[in-house]
6 protein chains.
Amino acid sequence: MNSAADLARPHDQIRPVEIECGYLESNPASVLYKSGKTIVLCTASVETNVPPWMEGRGKGWVTAEYNMLPGSTSPRKRRDRSGKVDGRTTEIQRLIGRSLRAIVDLHALGERSITVDCDVLQADGGTRTASITGGYIALSLAVSQLASNPELDPAVDPAAVLRDSVAAISVGVIGEDVVLDLDYKLDSAADVDMNVIMTGSGRFIELQGTGEEATFDDAQLAELLRLGKMGIADLTQLQAAQLRSS
Amino acid sequence: MNSAADLARPHDQIRPVEIECGYLESNPASVLYKSGKTIVLCTASVETNVPPWMEGRGKGWVTAEYNMLPGSTSPRKRRDRSGKVDGRTTEIQRLIGRSLRAIVDLHALGERSITVDCDVLQADGGTRTASITGGYIALSLAVSQLASNPELDPAVDPAAVLRDSVAAISVGVIGEDVVLDLDYKLDSAADVDMNVIMTGSGRFIELQGTGEEATFDDAQLAELLRLGKMGIADLTQLQAAQLRSS
Amino acid sequence: MNSAADLARPHDQIRPVEIECGYLESNPASVLYKSGKTIVLCTASVETNVPPWMEGRGKGWVTAEYNMLPGSTSPRKRRDRSGKVDGRTTEIQRLIGRSLRAIVDLHALGERSITVDCDVLQADGGTRTASITGGYIALSLAVSQLASNPELDPAVDPAAVLRDSVAAISVGVIGEDVVLDLDYKLDSAADVDMNVIMTGSGRFIELQGTGEEATFDDAQLAELLRLGKMGIADLTQLQAAQLRSS
Amino acid sequence: MNSAADLARPHDQIRPVEIECGYLESNPASVLYKSGKTIVLCTASVETNVPPWMEGRGKGWVTAEYNMLPGSTSPRKRRDRSGKVDGRTTEIQRLIGRSLRAIVDLHALGERSITVDCDVLQADGGTRTASITGGYIALSLAVSQLASNPELDPAVDPAAVLRDSVAAISVGVIGEDVVLDLDYKLDSAADVDMNVIMTGSGRFIELQGTGEEATFDDAQLAELLRLGKMGIADLTQLQAAQLRSS
Amino acid sequence: MNSAADLARPHDQIRPVEIECGYLESNPASVLYKSGKTIVLCTASVETNVPPWMEGRGKGWVTAEYNMLPGSTSPRKRRDRSGKVDGRTTEIQRLIGRSLRAIVDLHALGERSITVDCDVLQADGGTRTASITGGYIALSLAVSQLASNPELDPAVDPAAVLRDSVAAISVGVIGEDVVLDLDYKLDSAADVDMNVIMTGSGRFIELQGTGEEATFDDAQLAELLRLGKMGIADLTQLQAAQLRSS
Amino acid sequence: MNSAADLARPHDQIRPVEIECGYLESNPASVLYKSGKTIVLCTASVETNVPPWMEGRGKGWVTAEYNMLPGSTSPRKRRDRSGKVDGRTTEIQRLIGRSLRAIVDLHALGERSITVDCDVLQADGGTRTASITGGYIALSLAVSQLASNPELDPAVDPAAVLRDSVAAISVGVIGEDVVLDLDYKLDSAADVDMNVIMTGSGRFIELQGTGEEATFDDAQLAELLRLGKMGIADLTQLQAAQLRSS
């Protein structure tokens, strides 16, 4: 694919999304998030302490781990068991963690840690943005559970902990076209790839635009940002609808 | 629980099993296997070569990897990223691999490798036996796919490759009782824990009976084996029914 | 060897055993254990604390480490220095530890740790069972030393700590025959290999029967268990005689 | 510092830059690059082969490694000797490598690898952007050396290999202000931090804007980009002047 | 080179030495030490605690780390990032640490740790002896800074902490000749290589004479020691002059 | 012990030595070497290839590995299983290897590797020198075996391969005294510790004199060397006698 001409959907429209909250019976804060063929299982786990370097500050912590299951790709992806998490994995899980923390009031959370695990069951492009978008829902469910725990004193106020929502989407330049929400095939064809991470209220959390062996100009940047904002708006609506009904 | 008195099901009956073949669109040899609350995603991946130490013998290889996702347990299980796969994981994946190889004719497979990945999404006891029982189905689906590939010369004959089926179940001694198919609560209460791995035709592949800080006598051994065989017979039927309909 | 016909000793008889207690001057709880050509140096070391996860429970801990020296095999075995203890080693040392703990009353031991090191100087099959049988003697010597220490308050009662003795032996199926105590050559020829670990009083601690690329039926299982029990009885006598004279 | 009011230089001006080419006698492609108090030693090393996964494609490879010396910070920074390069280091060296490759024609380079090492002798903020800006000069010197080697057939054409130049600078939001080229103190105070990496001809290679526990809007983004472009223009001039005189 | 005949300088004379104290603005205890083409950056960092195994003894600790930068050699030296510091590096940094501790009164230092980092920017032989000779200067500067800190109670007395100075030099046997201060070319040609480490007052701290695939006799030993002492005397003068003027 | 006054043997006499060749039935080149209470098992293993970096040069390779068994010390020594061989172990095994290679003609050995494993069963000081002295005997036995192999063409000539013998001994300064052959208690009391490694014909291979927190002068050096040579002469005789009778 050297242009977006063959794209089955309009170039400014995201892939179909399916969200299943409470997928694991043992953890209500578990979300099976599907974006097209990409499937990510996001689970949020709460611990009643924080990492040693944060103790005694009256603040909580939110972090994320990302992993692709071996069967999520074809050919099979080798497991990260060498003791060296590969560079791509490290970058992605740091990005997910930063993005989630940007909308959390860590003081309102209290001295608790929430780990959001994003395990990719099937990978067809956009696994990092799906992890952020689905991870926010898992995080939100975990905070709601904390809020409904009558034993916590002081009680956790979910509206105070989560100051906003967060969603993420990719956009890319393919030949002359700018396309929203790159699946694996589009991503492979893209000259420039940008991840847009924004709050539900429309502010930027993170922008990562990369031209591997390519570059882009001001006009392309403007169009990338325009499409990215459209995608974020759609995802924000889907997240809100899902959380209202859980 | 100090006896099997509170058990919701008869002590000689297995938990309800659900099997979903082709769970991942990108890999038909993928099986979502549920035994009670235990959920394992088994995927079989074929490579057209064998490990270096097996090259040139005209034989194939079957191996397995086992992993529990962090969100599969509560509290959350830390990922194995230190470069040291823990002893329990190593033992389990070696057991799964041996059990599957026991019913495979590696010469009939040809110089190909099949890796069966068993990723535990939710853990409630019996994850290693579920991995074997579900892993056999994924392996069988992968062999069928090879057989239906018209380009392979010589063609792969699934009946020659898979000489039998394999299933596994746990049995345990709890106080005075012997109980079939231990979930997490039963397993924690058991004085003796035995894994029975058998072929569909009723022969033993592996027996592992362990009394951690406890021991057992001949009569208990006989009853453990009797119940184990009953469970294996049930699982063998379920596997066959599922594979006929896929 | 495809049958047990060429076996130099009767198929139901163990190899000659030699036991040297106090082999190292610096540690009386050291045992040089020889079974045929297999030589294992077993040393038991006592520490006056327990692992962090066991502190404050008033119980002790017994664990084991297993290692083959590079010169113990031909060709030379590479040292485990990669930071990854291989799967086989991990399995064996976990087995030795479980087997020893099965006959120890950890409360009677008090908050102490005993590590039993089993270093194989020469390997000719049966190193894991020799490690258990010899390791029990080293453990027993270490407990006796604790008991004779007048400074410990309360005093350690060896009869309370060691509720029984433990020994281990292998049995196997070679062609049509069932054979006791497999040396390297027999083990390589065996279709089925079973390790039988029992107390001196005749109860099972652990049974591990494995058919790598083979299976076994009820009749074979019965014969494997019959021979295994005979071997255990012989080893139990040898252990007792040795400990009486130390 | 909660605003840019105390800034010693205008908020839209970069720190003073010093560049020393050929710093190491043994490697002419070595550059000591100073930006304010930040000092990075950049060396480019050429090898006459490419990584295994690139062999036989007639293309070269450019990669980078980044490291902070223990004495570069106060308190002392521990060395990365655990076998796990930390996530920040991994991200930075991947970024440097991508940025350099964006302006290299790997086919024109031929089957050669160039590794650009960026070792930070003194760190005062902006080490990654200094590594890219200084790393480009080292890369350029290495390519010139290849070009002046009369034994290479075909000869290497530096104008073909280096399609453009590359420079990088940081910009940030501090309270209400947008500031160019953040030193350590400014970086610690910034709510939003953006790295701008551009070609000498004014095209974007990479944009990384991050709000850790903060967000930014369209107007701030526009100002960040405006200042970033000004800084890049200045650095591009300095690079060119330096390379003309070497 | 099979003899010392082509040597540009007299065989009993050291290479030209340049010493730049306070090379890094952020750490006054930083020394750029050049011996011929060998360049080592030595920085001494003080921490106000000691390693856990030394706590509560009222003594301090001095240790060293040694590293060669990738660009310090041609061809480029790979970084030690595998988690295994190579044997040569380990030996060298242990030697530097021991040599510095030999002249330090650890009680007079108090419960503080000083780490001397020796990072080789350019390597042309003699990097370990340059690290010791330059490392002593960095250590001395760090102790002076401690002494000038009016807040420390009790005050640190530099004359009590540093009982003597330390310097190091190599000597070697090349064919029939004994040569002082081996650069890379001489070192490669040497049959016997000896490192002499002495105090400023003329006592031995460490002697390491090694004949790789060669041996030496009493007469050669005497000449090696004679030249070594001459070199040490020269270096001791240079160190003292430099420290007086800093 | 602050002087050598309490020493049970004369200060210029080595500890009693016992040497058992062919200790392991499976490897004739195995030596149990005892020096006082120190016991080292030395085994030499021959491989018919050399490390990759030595291939095709028509030369062989000799290397050594050193390890202390956990039970060799009291308290128990932890195993090196972290993937990081500790610095002391690395230094010692490099020293053993260099010392053995100094008397081997690697060309006469042909493209073969000999690994000498030195496993310390009981440690009472002097384990590295015992490893060299015993390791030479194991090496010599391995070379003799090669020489008696009629299938090798060209035949291996042991007199050509082993140009000399090698032995090692420690000497130390304790208070005012210089003492030969330090056991653990003497070694702990020593201010200066020197290892002397010499050929049977009286030439130096390696000298390592170290004053940890102490120094030594010319007169002490002379006495250390005098005693060291006496010890080497005794060990050389014992080695020769043992090898004649094997």
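A Cβ is built for glycine as well, from the same backbone N, Cα and C atoms used for every other residue.
The phosphate site recorded in TrEMBL includes C:Gly126, C:Thr127, C:Arg128, and the single candidate from C:Arg78, C:Arg79, C:Arg81, C:Arg88 that the record places there is C:Arg88. If you count neighbouring Cβ atoms within 10 Å for each of the binding-site residues C:Arg88, C:Arg128, the highest count belongs to C:Arg128. All protein chains shown were included, and the count of other CB atoms within 10 Å of the CB of C:Gly126 (phosphate binding site) stands at 26. Under 8 Å, Cβ to Cβ, and six or more positions away along its own chain, C:Thr127 (phosphate binding site) finds C:Thr38, C:Val40, C:Tyr66, C:Met68, C:Ile92, C:Cys118, C:Val120. For the domain 'Exoribonuclease phosphorolytic' (C:13-142), the DSSP-based tally of helix, strand and coil residues reads 41 helix, 42 strand, 47 coil. Taken over all pairs of the listed phosphate-binding residues (C:Arg88, C:Gly126, C:Thr127, C:Arg128), the Cα spread reaches a maximum of 13 Å, rounded to the nearest whole number.
Residue counts for the domain 'Exoribonuclease phosphorolytic' (C:165-229) under DSSP, split into helix (H, G, I), strand (E, B) and coil, are 18 helix, 29 strand, 18 coil. The average per-residue pLDDT of the prediction over the domain 'Exoribonuclease phosphorolytic' (C:13-142) is 94, rounded to a whole number. Shown in sequence order, C:Tyr66, C:Ile92, C:Val120, C:Ala123, C:Gly125, C:Thr129, C:Ala130, C:Ser131 are the same-chain residues outside C:Arg88, C:Gly126, C:Thr127, C:Arg128 whose Cβ sits within 8 Å of the Cβ centre of the phosphate site.
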